[in-house]
Amino acid sequence: MPKVLLDWFYVAVFAVVGTLMAVLPLVVVWLLAPRADLPQKTITYESGVIPFGQAWAQFNVRYYLFALVFVVFDVEVIYLYPWAVVFRQLGTFAFAEMLLFLLVLLVGLAYAWRKGALEWV
Amino acid sequence: MNLASLQADLWTVAPELWLLGVGLLTLLLDLVVPAGRKAAVGLTAVVGLVLALIPTSSMVLWQPRTVLFGTYAVDGFAVFLKIIAIVTTILVILSATDSMGRQTRFEGEFYALLVFTALGLMLMAASTDLILLALSIEYVSLTSYVLAGFLKGNPKSNEAGIKYFLFGATASAVMFYGFSLVYGLTGTTNLYQIAQRLSAAPVPALYLAVALMLAGFGFKISMVPFHQWTPDVYEGAPTPVAAFLSVGSKAAGFAALVRVLVVTLDPSRVNWVLLIAVLSAASMTLGNLLALPQRNIKRMLAYSSISHAGFLLIGVAAFRGDFGTPGVLVYLLGYTFTQLGAFFVATLIGSQLGTDEIPDYAGLARRAPVLALLMAVFMLSLTGLPPTSVFLGKFYVLAAAIDNGLLWLAVVGIINSVISLYYYAGVIRAMYIMPAASEAPLAEPAGLQVALGVTGLGTLIMGIYPQPLIDLARSAAVLLRL
């Protein structure tokens, strides 16, 4: 097979295998899995908790603001843990860098606070 | 990891760190400055940005190298585009200090967002690693979506924000798929290592990767066929934002495009030259033809910006020799001054007369003679007539095309320049020949006057005495390859 065709062959294999990876599990499940049409199966999955009310309920937009502020602290902790583990080896430079990082997040918190995002009216 | 060298590297990104500080300061100032005096926040940001120009421009003469584990280039090309990004942001903030206060109560955030976007543009211009490039493009995109939809009470601005977001998210996703293909083919995300390992990669897959990546870059520079968002977003977004997007995003997009294509992908391996040349001709022609019937100045400038993206692509396609890459830089700087100036006039008319329609520019020559004269200069410059800055840029990219044997592309470019005279001259005709609806002189706010003065002088000086700039662009472009 000429070189160019071989190269295109890779692309074709890539495309076919990629499609199969998506389609095949669905087909296999459809063929093999036992079917039991219990009423519980139509219930919305909410991490194992039995759902109540309708999913179309209106949520207070404030939840969104709190979620955003939560992300600030969440991300902060993700980076603080590995930093704390190797803190002794890294020395003052890493300490200063982390303080700078925290300062940036602090500005975010101060901004949210001052704009009233932390108040529940 | 060598901490000492990392600390030395930090000095090379001092302007970026400084801008981060300026952005945070702007955000904090907004919290304490009372409503009605928010223009002071914008002026503080301007001072910070002007100060950032000093360390940035001192880097033009530095030995080109990569820093921060090879992910970030310090070369003349990056520095040149960083300067364009900072100057653009300064002028846009100055032009917005008058009108934004009346249109939104979140004026302080507007300036902070612009400063942060400038930081993103600088990162885009210097990234030499696919991951950093992807992150900086995403960063610029996210802040731009917010800026486009900044006027929350204005349905058109909302439409602009949503459209920009939907187009941008799709284009980014496609481009990242291209990045991942390149990584899969070469086993590295570093652009210079990719360039070395390219010979081992299968060619068809490389073509696929280039096509996918072009979707993302093409979106940023509003290249045909990824241009459809441009008129709607420019029309709906606040006019200073439209000015910013049409210059800042485009310049940074070209920086990323040139770095990926010219530095990384050897045309003898992946022949992207013809592809770019065809897309260039398509952008020029389609942008021009669609600009012809426009009556809204922002839509007209949007279509004209598509056609200018086509002209800039000539310089990318004809990158070999002495004219191509310097031509892109010269064109970008000249276009920055002229396009910003035209949008600033539109900002002033929009805020004083409340209209963006070209027929409403009637009689401007009598109501605001200096403004009309400047607008006429900008329109002639966009057409590419001497002695103006865009003429210089067009001269360079057309010379590059002929130098590279792309004569047909140069011919398409010249024909398109002639066509574009029609709609640019339409604005001049409205201002100077059409009878005015009113004779009342127009108020011209100070911030806009300064911004217009700088853009007007820049347009003319570049056209009349271009030699220092040409030397600078040449030295900046030669440094491009490490």
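First residue shown is number 1, and so on along the chain.
Using the three backbone atoms N, Cα and C, a Cβ is placed for every residue, glycine included.
Record features, source TrEMBL:
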TRANSMEM  B:12-33  transmembrane segment
TRANSMEM  B:40-62  transmembrane segment
TRANSMEM  B:77-96  transmembrane segment
TRANSMEM  B:108-125  transmembrane segment
DOMAIN    B:127-420  domain 'NADH:quinone oxidoreductase/Mrp antiporter transmembrane'
TRANSMEM  B:164-185  transmembrane segment
TRANSMEM  B:205-226  transmembrane segment
TRANSMEM  B:238-260  transmembrane segment
TRANSMEM  B:272-293  transmembrane segment
TRANSMEM  B:331-349  transmembrane segment
TRANSMEM  B:370-393  transmembrane segment
TRANSMEM  B:405-425  transmembrane segment
TRANSMEM  B:446-465  transmembrane segment
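Each of B:40-62, B:238-260, B:370-393, B:405-425, B:446-465 was scored by its Cβ pairs under 8 Å to the transmembrane segment (B:331-349), and the highest score goes to B:370-393. Long-range contacts of the transmembrane segment (B:12-33) within the same chain: residues 40-41, 44-45, 48-49, 51-52, 55-56, 59, 62, 67-68, 72, 74, 82, 86, 107-109, 111-112, 115-116, 118-119, 122-123, each at least 6 residues beyond the stretch ends and with a Cβ under 8 Å from a Cβ of the stretch. The list of residues near the transmembrane segment (B:40-62) in space but at least 6 beyond its ends in sequence, with Cβ under 8 angstroms from a Cβ of it, reads 12, 14-15, 18-19, 21-23, 25-26, 29-30, 33, 74, 76, 79-80, 82-83, 86-87, 89-90, 93-94, 96-97, 100, 107-108, 110-112, 114-115, 118, 447, 472, 475-476. Under 8 Å from some Cβ of the transmembrane segment (B:108-125) lie the Cβ atoms of residues 15-16, 19-20, 22-23, 26-27, 29-31, 33, 38, 41-42, 45, 48-49, 77-78, 81-82, 85-86, 88-89, 92-93, 96, 100, 132-133, 135-137, 139-140, 143-144, 146-147, 150, 244, 248-249, 251-253, 255-256, all in the same chain and six or more residues away from its ends.
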